[in-house]
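J.: Here it is, the structure in full.
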(Lines of atoms letter the chains of each structure in order from A and count residues from 1; the text may use other names and numbers.)
(Lines give C-alpha, C1' and ligand atoms only; values in the text may rest on other atoms or scores of the structure.)
Protein backbone atom coordinates (compact mmCIF):
# COMPACT_ATOMS: atom_id res chain seq x y z
CA UNK A 1 0.00 0.00 0.00
CA UNK A 2 1.15 3.55 -0.64
CA UNK A 3 0.26 6.85 0.97
CA UNK A 4 1.14 10.48 0.53
CA UNK A 5 0.32 13.64 2.48
CA UNK A 6 -2.50 15.80 1.22
CA UNK A 7 -4.97 18.41 2.38
CA UNK A 8 -8.67 17.87 2.91
CA UNK A 9 -10.96 20.86 3.35
CA UNK A 10 -14.58 21.39 4.31
CA UNK A 11 -16.53 20.70 7.49
CA UNK A 12 -17.94 17.27 6.59
CA UNK A 13 -14.73 15.92 5.05
CA UNK A 14 -12.54 17.02 7.96
CA UNK A 15 -15.03 15.81 10.57
CA UNK A 16 -15.17 12.41 8.86
CA UNK A 17 -11.38 12.20 8.70
CA UNK A 18 -10.97 13.07 12.38
CA UNK A 19 -13.65 10.57 13.38
CA UNK A 20 -12.77 7.66 11.09
CA UNK A 21 -9.09 8.06 10.25
CA UNK A 22 -7.51 9.90 13.19
CA UNK A 23 -4.31 7.85 13.06
CA UNK A 24 -3.52 9.34 9.65
CA UNK A 25 -4.48 12.96 10.41
CA UNK A 26 -1.34 15.04 10.84
CA UNK A 27 -2.89 18.36 11.86
CA UNK A 28 -6.10 20.38 11.65
CA UNK A 29 -6.24 24.06 10.71
CA UNK A 30 -9.22 26.12 11.88
CA UNK A 31 -10.03 29.69 10.94
CA UNK A 32 -9.08 32.07 13.74
CA UNK A 33 -12.03 33.89 15.28
CA UNK A 34 -14.64 31.54 13.87
CA UNK A 35 -17.75 31.04 16.03
CA UNK A 36 -19.06 28.11 13.97
CA UNK A 37 -20.09 25.40 16.49
CA UNK A 38 -19.21 22.66 13.98
CA UNK A 39 -15.64 23.90 13.90
CA UNK A 40 -15.55 23.93 17.68
CA UNK A 41 -16.73 20.31 17.70
CA UNK A 42 -14.02 19.34 15.21
CA UNK A 43 -11.36 21.11 17.26
CA UNK A 44 -12.46 19.43 20.50
CA UNK A 45 -12.60 15.97 18.95
CA UNK A 46 -9.23 16.43 17.26
CA UNK A 47 -7.60 17.46 20.54
CA UNK A 48 -9.18 14.49 22.34
CA UNK A 49 -7.58 12.21 19.77
CA UNK A 50 -4.18 13.82 20.11
CA UNK A 51 -4.22 15.65 16.78
CA UNK A 52 -2.40 18.98 16.54
CA UNK A 53 -4.78 21.91 15.99
CA UNK A 54 -3.76 25.37 14.83
CA UNK A 55 -5.85 28.52 14.49
CA UNK A 56 -4.84 30.30 11.28
CA UNK A 57 -6.04 33.18 9.14
CA UNK A 58 -8.26 32.85 6.09
CA UNK A 59 -5.33 33.34 3.71
CA UNK A 60 -3.59 30.26 5.08
CA UNK A 61 -6.72 28.17 4.53
CA UNK A 62 -7.13 29.60 1.04
CA UNK A 63 -3.58 28.48 0.30
CA UNK A 64 -4.21 24.83 1.15
CA UNK A 65 -7.76 24.68 -0.18
CA UNK A 66 -7.02 25.95 -3.67
CA UNK A 67 -10.23 26.17 -5.67
CA UNK A 68 -12.19 24.08 -3.16
CA UNK A 69 -14.35 25.93 -0.60
CA UNK A 70 -12.73 25.24 2.76
CA UNK A 71 -15.54 26.40 5.10
CA UNK A 72 -12.98 27.51 7.66
CA UNK A 73 -11.28 24.18 8.27
CA UNK A 74 -8.63 21.94 6.71
CA UNK A 75 -6.78 18.77 7.67
CA UNK A 76 -3.36 17.53 6.58
CA UNK A 77 -3.06 13.80 6.64
CA UNK A 78 -1.93 10.70 4.82
CA UNK A 79 -4.04 10.01 1.76
CA UNK A 80 -6.30 7.01 1.46
CA UNK A 81 -4.34 3.79 1.20
CA UNK A 82 -3.89 2.62 -2.36
CA UNK A 83 -3.54 -1.15 -2.50
CA UNK A 84 -1.03 -2.71 -4.87
CA UNK A 85 -2.16 -4.90 -7.74
CA UNK A 86 -0.54 -7.99 -6.21
CA UNK A 87 -2.67 -7.56 -3.07
CA UNK A 88 -5.93 -8.02 -4.98
CA UNK A 89 -5.52 -11.80 -5.15
CA UNK A 90 -5.54 -12.07 -1.37
CA UNK A 91 -8.63 -9.89 -1.07
CA UNK A 92 -10.53 -12.11 -3.51
CA UNK A 93 -9.40 -15.28 -1.76
CA UNK A 94 -10.51 -13.92 1.61
CA UNK A 95 -14.04 -13.39 0.24
CA UNK A 96 -14.40 -17.19 -0.01
CA UNK A 97 -16.30 -17.40 -3.27
CA UNK A 98 -18.44 -14.30 -2.76
CA UNK A 99 -16.08 -11.56 -3.91
CA UNK A 100 -17.73 -8.45 -5.31
CA UNK A 101 -15.18 -6.34 -7.18
CA UNK A 102 -15.99 -2.99 -8.77
CA UNK A 103 -13.76 -2.13 -11.75
CA UNK A 104 -13.91 1.45 -13.02
CA UNK A 105 -12.43 1.86 -16.49
CA UNK A 106 -11.23 5.46 -16.54
CA UNK A 107 -13.63 7.53 -14.44
CA UNK A 108 -12.04 10.95 -14.78
CA UNK A 109 -14.27 13.23 -12.72
CA UNK A 110 -13.21 13.12 -9.05
CA UNK A 111 -16.78 13.81 -7.93
CA UNK A 112 -17.96 10.77 -9.87
CA UNK A 113 -15.17 8.61 -8.46
CA UNK A 114 -16.00 9.75 -4.94
CA UNK A 115 -19.68 8.95 -5.44
CA UNK A 116 -18.77 5.51 -6.83
CA UNK A 117 -16.60 4.79 -3.80
CA UNK A 118 -19.40 5.83 -1.48
CA UNK A 119 -21.82 3.41 -3.17
CA UNK A 120 -19.15 0.70 -3.18
CA UNK A 121 -18.58 1.05 0.56
CA UNK A 122 -22.30 0.94 1.24
CA UNK A 123 -22.59 -2.21 -0.87
CA UNK A 124 -19.74 -3.90 0.98
CA UNK A 125 -17.52 -4.52 -2.02
CA UNK A 126 -14.36 -6.59 -1.73
CA UNK A 127 -12.30 -4.00 -3.61
CA UNK A 128 -12.47 -1.21 -6.17
CA UNK A 129 -10.03 -1.33 -9.07
CA UNK A 130 -8.96 1.80 -10.94
CA UNK A 131 -6.23 2.37 -13.57
CA UNK A 132 -3.18 4.37 -12.50
CA UNK A 133 -3.40 6.36 -15.73
CA UNK A 134 -6.34 8.05 -17.45
CA UNK A 135 -8.39 7.99 -14.27
CA UNK A 136 -9.11 10.28 -11.36
CA UNK A 137 -6.92 9.54 -8.35
CA UNK A 138 -8.03 9.36 -4.75
CA UNK A 139 -7.42 13.03 -4.01
CA UNK A 140 -9.00 15.55 -1.64
CA UNK A 141 -12.07 16.06 -3.82
CA UNK A 142 -12.66 12.32 -4.10
CA UNK A 143 -12.35 11.86 -0.35
CA UNK A 144 -14.74 14.70 0.36
CA UNK A 145 -17.33 13.41 -2.11
CA UNK A 146 -17.00 9.85 -0.83
CA UNK A 147 -17.92 10.97 2.71
CA UNK A 148 -15.12 8.87 4.18
CA UNK A 149 -15.72 5.80 2.02
CA UNK A 150 -12.25 6.05 0.47
CA UNK A 151 -10.85 5.14 3.90
CA UNK A 152 -13.05 2.11 4.41
CA UNK A 153 -12.60 -0.04 1.31
CA UNK A 154 -9.53 -1.30 -0.58
CA UNK A 155 -8.87 0.83 -3.67
CA UNK A 156 -6.45 -1.00 -5.97
CA UNK A 157 -4.56 1.07 -8.54
CA UNK A 158 -3.34 -1.04 -11.47
CA UNK A 159 -0.89 -0.33 -14.27
CA UNK A 160 -2.50 -2.66 -16.81
CA UNK A 161 -6.27 -3.04 -16.46
CA UNK A 162 -6.55 -5.80 -19.08
CA UNK A 163 -3.97 -7.90 -17.26
CA UNK A 164 -5.78 -7.33 -13.98
CA UNK A 165 -9.04 -8.54 -15.54
CA UNK A 166 -7.31 -11.70 -16.78
CA UNK A 167 -5.89 -12.33 -13.31
CA UNK A 168 -9.34 -11.96 -11.77
CA UNK A 169 -10.74 -14.45 -14.25
CA UNK A 170 -8.01 -16.94 -13.31
CA UNK A 171 -9.31 -16.68 -9.74
CA UNK A 172 -12.80 -17.57 -10.89
CA UNK A 173 -14.22 -14.06 -10.91
CA UNK A 174 -16.92 -13.65 -13.58
CA UNK A 175 -16.71 -10.23 -15.21
CA UNK A 176 -19.81 -8.35 -16.34
CA UNK A 177 -19.31 -5.14 -18.29
CA UNK A 178 -22.05 -2.52 -18.33
CA UNK A 179 -22.91 -1.38 -21.87
CA UNK A 180 -26.03 0.34 -23.14
CA UNK A 181 -26.13 -1.71 -26.36
CA UNK A 182 -25.92 -5.08 -24.59
CA UNK A 183 -28.77 -7.51 -25.15
CA UNK A 184 -28.80 -9.06 -21.67
CA UNK A 185 -30.39 -7.21 -18.78
CA UNK A 186 -28.53 -6.64 -15.54
CA UNK A 187 -31.50 -8.24 -13.80
CA UNK A 188 -31.19 -11.49 -15.78
CA UNK A 189 -27.70 -12.54 -14.66
CA UNK A 190 -26.49 -14.25 -11.50
CA UNK A 191 -24.41 -11.90 -9.35
CA UNK A 192 -24.14 -14.05 -6.24
CA UNK A 193 -20.71 -15.68 -6.59
CA UNK A 194 -17.29 -14.24 -7.40
CA UNK A 195 -18.30 -11.30 -9.58
CA UNK A 196 -16.55 -8.28 -11.05
CA UNK A 197 -18.70 -5.39 -12.27
CA UNK A 198 -16.94 -3.32 -14.92
CA UNK A 199 -18.10 0.21 -15.72
CA UNK A 200 -16.61 2.69 -18.16
CA UNK A 201 -15.79 6.33 -17.73
CA UNK A 202 -17.74 9.40 -18.67
CA UNK A 203 -18.56 9.81 -22.33
CA UNK A 204 -17.07 6.80 -24.10
CA UNK A 205 -17.92 4.08 -21.60
CA UNK A 206 -15.94 0.84 -21.70
CA UNK A 207 -12.83 0.81 -23.86
CA UNK A 208 -12.61 -1.85 -26.57
CA UNK A 209 -9.90 -3.90 -24.86
CA UNK A 210 -11.81 -3.82 -21.58
CA UNK A 211 -14.96 -5.07 -23.32
CA UNK A 212 -13.03 -7.93 -24.87
CA UNK A 213 -11.92 -9.11 -21.44
CA UNK A 214 -15.43 -9.20 -20.00
CA UNK A 215 -17.22 -12.55 -19.79
CA UNK A 216 -20.50 -10.87 -20.64
CA UNK A 217 -22.08 -7.49 -21.27
CA UNK A 218 -25.26 -6.33 -19.57
CA UNK A 219 -27.39 -3.22 -19.59
CA UNK A 220 -29.64 -1.40 -17.16
CA UNK A 221 -33.13 -1.39 -18.72
CA UNK A 222 -34.33 2.20 -19.17
CA UNK A 223 -37.87 2.52 -20.52
CA UNK A 224 -37.71 6.32 -20.54
CA UNK A 225 -36.35 8.69 -23.17
CA UNK A 226 -32.88 9.03 -21.62
CA UNK A 227 -30.34 6.62 -23.10
CA UNK A 228 -27.68 6.65 -20.40
CA UNK A 229 -27.02 7.31 -16.72
CA UNK A 230 -24.21 9.12 -14.97
CA UNK A 231 -21.49 6.58 -14.13
CA UNK A 232 -21.94 7.05 -10.39
CA UNK A 233 -25.69 6.44 -10.66
CA UNK A 234 -25.13 3.39 -12.87
CA UNK A 235 -22.59 2.10 -10.35
CA UNK A 236 -25.10 2.36 -7.53
CA UNK A 237 -27.84 0.62 -9.51
CA UNK A 238 -25.50 -2.19 -10.56
CA UNK A 239 -23.94 -2.77 -7.14
CA UNK A 240 -27.23 -2.87 -5.32
CA UNK A 241 -28.71 -5.37 -7.74
CA UNK A 242 -25.82 -7.60 -6.68
CA UNK A 243 -26.58 -6.81 -3.03
CA UNK A 244 -30.26 -7.65 -3.54
CA UNK A 245 -29.40 -11.02 -5.05
CA UNK A 246 -26.86 -11.84 -2.36
CA UNK A 247 -29.17 -10.96 0.51
CA UNK A 248 -31.85 -13.15 -1.02
CA UNK A 249 -29.50 -16.08 -1.57
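A Cβ is built for glycine as well, from the same backbone N, Cα and C atoms used for every other residue.
Keep in mind that this is a model prediction, so the values were computed, not measured.
Reproduced below are the annotations present in Swiss-Prot:
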BINDING   200, 220, 229  S-adenosyl-L-methionine binding site
J.: Using a Cβ-Cβ cut-off under 8 angstroms and a sequence gap of six or more, which residues of the chain neighbour residue 200 (S-adenosyl-L-methionine binding site)?
T.: 105, 106, 177, 178, 179, 206, 207, 210, 231
J.: Apart from 200, 220, 229, which residues in this chain have a Cβ no more than 8 Å from the mean position of the Cβ atoms of those residues at the S-adenosyl-L-methionine site?
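T.: Sorted by sequence, the hits are 178, 180, 199, 205, 219, 228, 231, 233, 234, 235, 237, 238.
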J.: Between the two most separated Cα atoms in 200, 220, 229, the residues recorded as binding S-adenosyl-L-methionine, what distance in Å do you get?
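T.: Result: 14 Å between the two most distant Cα atoms.
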J.: Count the Cβ atoms, other than its own, that fall within 10 Å of the Cβ of residue 229 (S-adenosyl-L-methionine binding site), considering every protein chain shown.
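T.: Cβ-Cβ neighbours of residue 229 (S-adenosyl-L-methionine binding site) within 10 Å number 16.
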J.: Using DSSP and collapsing to three states, where does residue 229 (S-adenosyl-L-methionine binding site) fall: helix, strand or coil?
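T.: The residue in question, residue 229 (S-adenosyl-L-methionine binding site), is coil (DSSP, three-state).
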